[in-house]
Amino acid sequence: MAMLASSPFFFFPAAPVRPFTRSKITRPPAASHFRTHATSSSDSPSTARRVIGTTAPSITPDAFTSYDHEKEEDDEVTALLLDYQNLLAPPRPIPTSTPTLLRTVEGAVPADFPSGTYYLVGPGLNSDDRGTTVHPFDAHGYLRAFAVDGGSGEVTYSGRYVETEAWKEEYNNEKEGGEVRFTHRGVLSVLKGGNVTKVMKNVANTTVVKWGTRLLCLWEGGLPHVVEQGTLDTIGLFDVDDQMDDPDFPVRSRFDLAPADLFGHLLGRFMKLFAIGIFRGMSKRVLAHYKIDEGRKRMVLAATNTADMFLPRTTFTFYEYDTSFKLLNKRKFCIPEALMIHDWALTDTHYVIFGNRFKLHVPDALRAFSGSSPFLSAFHVDKSRPTSPMYVLPRFSDDAGHRDWRRPIEAPRQLWSVHVANAFEERDEAGNVEIQMQTTACSYDWYNPVKFPGYDWASGRLHPAYMNAGDEFEEKDLIHLFRVTVEMNEKKDSGHCSIEPLSTQWNRSGELPTINPRFSGTRNKYMYFCTSSGYRSSLPHFPFDSISKIDVEKGSVAIWCAEHRRYVGEAFFIPRGDEEDDGYLLLVEYAVAMQMRYLVVLDAKLIGKPEALVAKLEIPKHLFFPWGFHGFWAPTD
C-alpha cells in the first residue's frame, strides 16, 4: 500500500499499536448473499468459483467473482495473525540472479501475450542476524524480475537485493553465507544499540521503472539506483542534477525568498547544513513516484530539498527526460508552506500537487533526534485548516496568467493524498481549463506511517489491528478512491476545486490504483485497484485479496478475488488491443499459509467473470518473498 502507501515520508507521530480487537470491524456478508456460478465439466474443483455479494445495496452479487471459501476454521484470529506476519515480514528472501523457469499450475500464458519483463520491488529484509527488526518500510529493497517469452509462453524468475550503500555497510559478504547487522535505524524504526545519527537509509524499495536503457529503483528519501537489467546487479546512484549536458541549463524558479526575509534566508541556509549533516551529504531527495508523458515520450521525476523538512516551505524540482536520458526540461518551484508528498499528478501542461500539510513538533523532535523514538515521530499532520491545498504548477510557460500559483486552490475536504491513478486536463472554446485527478486518499486522523502497516516500533512486532480500523476508527477513515476536479478560468486568476467519491456505488476501502498506461494523461474510463472482499471478519480491509475494476463513468465495480487465505499485490496493466480495457493484468498472489507465491495473469475485460483468470504460475517455495509495493512492465525492445 507502499503502498500502498509505500513511502517512508508520510509524517505523523508515533504511537504503540493497540491490542487487536474485533468490536468495530465490519462483519462479512451473510450466507444468504452467496450463490454459486455454474461451471463447465472442464473446470477442476480448484477452479470452481463463487460469486460473493455485499451488503451494500448499490452493488449486485455479480460484482464479486471468487474462488471457493468454505473453511471457516481458517478465519480464526490466530491463523490470520500468522498470515499477516508471513505476508509482510517472512524469513529472509534468497537472492538468485540465475533465472528459474516457473511451472504453470493453471491455464496458460496466452499466445498473444507480448515478450518482456515484469519488475516488482518491495522491502525484502527487515531483521538482521542479531534478531533486530526494523519497520517494514525501512527494510532493504528486493527486486523481482519475471521474464516472459511471448513465443513459447515460458516465464522465468530471478530476484536480487538492491545493493545500496546502506546494504553494503550492513551486509558482511566476507563471512560464510553472509551476515547482516543493522547499523542504520531508518526513519521509522528505533535501533537499540545502533548509531542514532545514521537515519536516512536509502533502501530503494518503493518503485521501479525502465526508461530508455536504464532500470531505476526509487525510494522516497534519496536518489534512484540504477540496476543492470539482466543480472539485476546494482550499478550505482542516478544523480538527477548530473544529467545536464549544459551546465548553464536554464532552471526557472518562480519564487524566491524576498530580500527583506533575511532571517528566513539565514535559517534556511543553517537548516540545509544541519539536514545534510544528519542525512550524510544528501541535499535533495527524489520522490518515489515518477510520471510518464506518453505523448511526448518523457519520464518526469520530482525532487524536494531535504532541508525543507524543517522549514515552513517546500521546494519542488521537476526533471523531464527523453528516452536517451537527455534532460529536456527542469523547473523549480518554492511553495511557502510545509507539504509532504508521496505521489503527484502530471497533465499536458501542468504539474499538480495535492498538498498534505505537516509541521515539526519540537518535544517529539527532541525524542526522535535522541533515538528514543522513530525519526518521523517528530513530524505531525497539520490539522489547523479544514481544507486540502491544490497547487497547479505550469510545466512550460513562465506565464501562469494572472493567478499566483503560490496561492493554492483549496479543496473543500481535509484528506491525505496517497496515490494518483491518472490526471488529465481539458480546455473549452473560451480557454477555461478543467483538471481532473483520480486519487486515493484517507483521513488525516487515521494515517500514521509509524504505525503502518501495523508495526509497533516499541516491540518490533506486526499486528493487523491498525490497518483494519481497530477500535479508534471507522472504515470511512481508511484509504478510498476520489475524483478531484480543479476548474480555472481563461485568465487563470481564480480557481475552484471539488472532491467526490470516484463511485457512488462503491464505498469500500481501496488502494494501489492503476490504469492502461496508453491512456495516461487523457480521459480514461477504467481503473483497477486492490481491495478486500470483506469475507474474513478478522481482516476485513487489509491484506487485500481482490482486484477491482471500476468504470469511472458509470461507477460500477467488478471484482476478481483470490483463493481463500491468499492475498494480492498491485496489478499492472499490459495492453493487448486498441480498446481501453483490452489487455492483461499482471500481479503476484501470496499464498502465505503455504509460503507460496504465484504470478497471476488476468484478462482485464473479464474481471467479474469466472473466466478472468488466464494463467497462474508457481514460484518455487524456496524463492518466496515478502509483499511487493510497485511494479513495471518493460516490453522487449
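Every residue, even glycine, has its Cβ placed from backbone N, Cα and C.
What TrEMBL records for 27-64 is region 'Disordered'. Feature annotation from TrEMBL assigns compositional bias 'Polar residues' to 37-47. Per TrEMBL, the feature Fe cation binding site maps to H342, H419, H630.
Within 10 Å of the Cβ of H342 (Fe cation binding site) there are 25 other Cβ atoms, across all protein chains. In this view, H419 (Fe cation binding site) is surrounded by 27 other Cβ atoms within 10 Å of its Cβ, with every protein chain counted. Its Cβ taken as reference, H630 (Fe cation binding site) is surrounded by 26 other Cβ atoms within 10 Å in the chains shown.
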